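Read through the structure below, which is laid out as structure tokens, and then see the notes.
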Amino acid sequence: MLATTPAHSLRYVVPTRSWLHRFRCSSSSSLAPLPSSHFAAEEKTSDASEKKTAPYYPKRGQTVELVCESLGFKGKGICKVDGTGFVVMCDRALPGERFLGRVTRRKGSYAEVTKIETITPHRDLVEAPCEYASYCGGCKTQNLSYEAQIRAKEEQVYELIRHVGKFSDNNPSFEIVLKPIVACDIQFHYRNKMEFSFGPQRWLPIEMLHEREDGPENFALGLHAPGFFDKVLNVDKCLLQSEPGNMVLAAVQECWRDPQLSLSPYNARSHAGFLKHLMLRTGRNVETGSQELMVNFVTSSYKPELLKPLVDRISSIPQVVSIMNNINSSVGNTSVGEKEYTLFGKDTIAEVLRGLTFQISANSFFQTNTHQAEVLYKLIEECAGLKGDGSEVVLDLFCGTGTIGLTLARRAKHVYGYEVVPQAITDANKNAQINGIENATFIQGDLNKIGEDFGSNFPKPDIVISDPNRPGMHMKLIKFLLKLKSPRIIYVSCNPATCARDLDYLCHGVEEKNIKGCYRLMSVQPVDMFPHTPHIECVCLLELS
């Protein structure tokens, strides 16, 4: 159900999104692979030429000429085989690009291809400033103008809300509900956390394989090549992290391969080696506002004497105030260690968000883009619409380290936060104490496994904040929320596809499970938290109907 707008108000609405008008006038459009039933429905309204080409199905290994029409899930290009209506997904294909692709697999109503050769470049072409942009999986759209990037993200949210969420764009209020995307003012050096991996053999593209060397010179420190857990693209500088972070990365790159240091990179296949990851976190000095850096070496064992030459070198960089060593002795290649040691300076750094101070440890969760997190949390506060008289109760689901709940606690009666990660709950309580907030309670618990008694240890909330990870909310939690009937839900999502699905459940119900929806969708606000990547954040407001 969509929120309705009085007829007399509509004359003041000036459409500013030409792409939205084009979609509404178009007989068919798609930004993500949709169920075959949807394509069947689309076929009924397509013209005669579309019907003639509908039976076309490319075979695996076949080379086809394609035109990319838009961007979809994970930033993949949504393409059509030239002269047909058959939909194909291709990584690193951008809107307007005509190219040759080889079919790698077919999935029912669509196929996936690998790009072989570009025939005509894409629209809104710009030169990527990063030398690794063609190979690194982190910034797939650097060579697409930023205006085109956010336009594509906005279109993707629109399509998912329409198709997956089942909200009709024929409703006059649809254009009012779906807000224009909030762009990010800072497109580079915005990440406050980067994790680089060590590897025994650097990954090289085919055209550079002749440059491969033997011995330590072939060791890699950088980012995993897309699709490979054991291959590392050597990176000397990353344009997404802070300048002090790049200073540390350069200092480590200059010396860690020296045979005299006896430092060996971890081999993800043989499980031998010492150095696993280099994690860099940027915060700021609360008093001066200057940048502070935490360096975390993740190793397979505790051998501080081996790290000492690196510690001595990077501790001379003025912004480095903390050097940590996480020990991960398991065969897994995660950056979280079983034990943690402080090799230099303090064991936490600080960051300020919405006027609150947060202590960040090596393994703490914290919004990766501090600048845009300010924008995101302000939007959440506006959606919450707290009266400010201290009369309202807030339920903060998937609360993490308590950042959202604590920013609302100043105007609420009490905040109750739930999170599955024990360390996050510890950090949330610590952050509440640092900021002198006493009206917040944080509880460790798995929201995917709630029982019938969930909700018995807190009063009925006036506002529910739900900020799930990419899979979205479990059906048990959705049933609980529909039964709870809180007046207002703010759904914060990092995955617009599962967000649209959950909005459908909360507003329209689930007929096959005899579940009735009871909310109206008031607004959907896309936010670009991570320029040059396919990731999209959304803040959605629902009110009890």
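Note that Cβ sites are derived from N, Cα and C of the backbone, with glycine treated the same way.
What TrEMBL says about this protein:
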ACT_SITE  C494  active site, nucleophile
BINDING   Q367, F398, E419, D467  S-adenosyl-L-methionine binding site
DOMAIN    57-117  domain 'TRAM'
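For the recorded positions Q367, C494, the greatest number of Cβ atoms within 10 Å around a candidate Cβ is found at Q367. Sequence-distant neighbours of D467 (S-adenosyl-L-methionine binding site) (same chain, six or more apart, CB under 8 Å from its CB) are D396, L397, F398, C399, G400, I404, V492, S493, listed in sequence order. Compared over the binding-site residues F398, E419, the count of CB atoms lying within 10 A of a residue's CB peaks at E419. Residue counts of the domain 'TRAM' (57-117) by helix, strand and coil are 3 helix, 36 strand, 22 coil (DSSP-based).
For the S-adenosyl-L-methionine site, the Cβ centre of Q367, F398, E419, D467 serves as reference, and the other residues of the chain with Cβ at most 8 Å from it are F365, D396, C399, G400, T401, T403, I404, P468, V492.
Taken together, the residues in the domain 'TRAM' (57-117) have a mean pLDDT of 88 on the 0 to 100 scale.
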